[in-house]
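If you look up TrEMBL, you'll see 6 marked as active site, nucleophile. Residues or ranges marked as active site, proton donor by TrEMBL: 8.
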């Protein structure tokens, strides 16, 4: 079974790292709990162009290279899942940070993903590709993502989505419009992800993936 996995807030804590950057560079103090939407311009109260500039400054900083850490439980879960699933990354990240993204994945999740696909969303340059289009092209049956908009987009084309809300701490994940969709299931940690995927792979044994 082909499973697509998002990076930011699913494999690594992007928002926490960029909060450190904007606090030091712009004296803007924000916590993850303030991000009721995953749109930096609205949270930082600036234009979209200014937000994009700040994000790309973050990409060029040491914060981007060293302050993003794996989400708890993700490394072991991906090791377990990669033995029974074809795991690929589908991220909205931009081509401009492709090389560093690949380096980060290989450092924290070495050899566990088949391919890494970039949507190039919110980029200063280049064409963007919808996540649903990428997922369909690689034959993904499941997407693990924290963004309700991507969840709906992919569920509407028949892809099952595990909407990742780590320990119920992502405000942007709380959108009501995804509630009740038959192909969207909320999960709050990587153990729940493993349980959901194991039930899809072998419904009669929900513990096949979970390491004891």
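Backbone N, Cα and C atoms are what each Cβ position is placed from, and that goes for glycine too.
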In sequence order, which same-chain residues at least six apart have a C-beta under 8 angstroms from residue 8 (active site, proton donor)? 14, 15, 91, 92, 93, 146
Tell me which residues of the chain lie with their Cβ under 8 angstroms from that of residue 6 (active site, nucleophile), as long as they are six or more apart in sequence? 89, 90, 91, 92, 143, 144, 145, 146, 147, 150, 164
